[in-house]
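**Q** Before I ask anything, here is the structure I am working with.
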Amino acid sequence: MLRQVKPKNARTKRALEKREPKLVEGAKTAIFLRGNATSQISLDVLGDIHALKKPFSVNFQKKNNILPFEDASSLEFFSEKNDAALAVMATHNKKRPHNLTWVRFFNYRVLDMIELGIVNYKSIQSFSATPIVPGTKPMILFQGPVFDAHPTYRHIKSLFLDFFRGEPIQKLDSAGLSYVIVVSAAEAQEDETKPLPLVHFRVYGTKLLKTKTNLPRVELEEMGPRIDFNIRRVQPAESDVLEEALKKPKTQEPKPKKNVDVDIIGNKVGRIHVDQQDLGNLQTRKMKGLKRSVEEREDSENEEVEIEEDVISDASE
């Protein structure tokens, strides 16, 4: 736990204000760490994922004697020090070779973790496609019903979306959609004794070709990395902590609009309630043909006088 620093000048105050919680969070920073023992394959995969995450990433070069599933206090320290919400750690041993541990934090405390082992790997340098421009926002596609049906694969889907989503934006030019991340898996078997299906991680670059219409024709070219993961240890988030992490501030929730509906076409339909109006004194356009004569006006005035006299006489009786 880092000590709380009181700002002594304006620069320190601005730096602390950047770390304060915001209604709309920006892109999440990820830290990339090496364990006490690593393999070249795990380090190469770590470097390729770091290239996909740039510029919202911090890469550590030194080894760290950290066992995330036994003691995550060091990871939480690095998370708070670097203001990072994500972490990936590369390790290697006889029991779990070529291992990557993916970690998410909430309030600089570990929210959930998952271990993915590297089974097959082909680096970015092995492909001749144009490299990714740092900061480009990817499209993400999950293939297979298992990502909605199985809790572990739902966990992977949520983590990858959180990891690669980048900075939130309102609009995006089609020319900025330069690559797509495809994550696929076969359907999981009901037999729990059998291992879970592999997670296939692919990255494709997009080529926009001219057509006779306004919409371009899209072609995909694999640009790497190409990785096959097998699922190892999983530490899901606790229900109360996850509920707190997913809570939305009241100011972010749009206020419901009364008496406003949207029809099947998408048109907004509103209902207005108006009080009953008194049309007796409504000023209308006067036309000569509708004007009353002098005799008609005198007769109506005499009738009103007679009615008033009758009312007075009834009251006196």
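Backbone N, Cα and C define each Cβ position, glycine as well.
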**Q** To which residue among S239, S313 does Swiss-Prot attach the annotation phosphoserine?
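**A** With Swiss-Prot as the source, phosphoserine is noted for S313.
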**Q** Swiss-Prot tags one of S39, S300 as phosphoserine; which one?
**A** S300
**Q** Give the mean pLDDT for the domain 'Brix' (28-240) on the 0 to 100 scale.
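**A** In the predicted model, the domain 'Brix' (28-240) has a mean pLDDT of 92.
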